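Pulled from TrEMBL:
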type	residues	note
DOMAIN	A:4-254	domain 'Endonuclease/exonuclease/phosphatase'
BINDING	A:7, A:34, A:153, A:155, A:253, A:254	Mg(2+) binding site
ACT_SITE	A:112	active site
ACT_SITE	A:153	active site, proton donor/acceptor
SITE	A:155	site 'Transition state stabilizer'
SITE	A:224	site 'Important for catalytic activity'
SITE	A:254	site 'Interaction with DNA substrate'
ACT_SITE	A:254	active site, proton acceptor
DNA sequence: ATGGCCGTAACCTACGGA
């Protein structure tokens with residue numbers, strides 16, 4: 001089973017590229033982030049013709065997540081509060097960033113983690129609080145299944161080798177200590193990076209800034225990936241970053257990451 | 001150098017992104 005994640009930076013602008021990519025890659029489950037569209041305007045039709053069941057959780061202009069699945073999902077949970085009933089300090093579901101699908105006893109958690117803007121901003125604190133809430137959500141999910149794949153745009157480069165140039169990273173959004181610790185604390189629930197099972201060295205990135213010819217110079221960051229509980233990590237057989245869509249005209253600033261797991 | 005580039009909303013500019 002191939003599970004892909006792709007921050008498309010607007011599904012309406014990128015729909016032809018996503019369609020083209022799905023034509024040439026046999027993807028069972030595609031998790032999209034930053035769809036940037038309300039549900040009634042989501043461009044479903046071409047993808048349904050490819051045989052996908054479409055699950056969407058969007059809002060106007062910002063954020064938005066979606067899951068395409070060749071096999072219908074057994075259950076879908078929209079946002080944190082759909083299953084996490086504890087009262088959060090703030091309503092984290094105002095921003096549409098979490099969509100979970102259950103298939104064959106596996107929970108696929110599609111995430112668009114807040115960017116955080118800069119480390120001295122209110123958005124940075126929101127990001128840290130959001131990650132803390134995500135940890136509670138995953139703790140609950142772990143009581144329901146031992147097979148969880150969390151994937152998406154984490155907006156955090158966990159290690160220095162995930163950044164083209166880690167100099168000054170302590171004060172940089174996506175690489176500060178508090179963000180890394182918040183994510184590390186989540187991973188300590190029992191998750192391992194699928195991509196790192198096969199590729200231990202640095203220099204592999206999933207996002208390149210639109211400015212400064214970053215893609216041509218390969219000055220990127222690896223912030224999109226899959227984190228797997230051990231029963232899934234053990235059966236993962238490959239993970240690759242497909243840079244091809246980033247070479248196309250008018251691309252997303254992110255490129256897709258594919259994880260393959262061998263199902264019994 | 002607090003920007004560059006891109007998408008959205010909505011209106012010729014602001015915002016959010018990373």
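Glycine is treated like the rest: Cβ placed from N, Cα and C.
When the Cα atoms are compared, residue A:34 (Mg(2+) binding site) and residue A:112 (active site) turn out to be 7 Å apart. A 10 Å cutoff on Cβ-Cβ distances gives residue A:224 (site 'Important for catalytic activity') a total of 24 other Cβ atoms nearby, all chains included. In the three-state DSSP assignment, the secondary structure recorded for residue A:34 (Mg(2+) binding site) is coil. With a cut-off of 8 Å between CB atoms and residues at least 6 apart in sequence, the same chain places A:5, A:7, A:33, A:34, A:111, A:112, A:113, A:207, A:223, A:224, A:254 near residue A:153 (Mg(2+) binding site), listed in sequence order. Sequence-distant neighbours of residue A:155 (Mg(2+) binding site) (same chain, 6+ residues apart, CB-CB distance under 8 A): A:113, A:114, A:115, A:116, A:127, A:173, A:174, A:223.
Secondary structure at residue A:112 (active site), as computed by DSSP, is strand.
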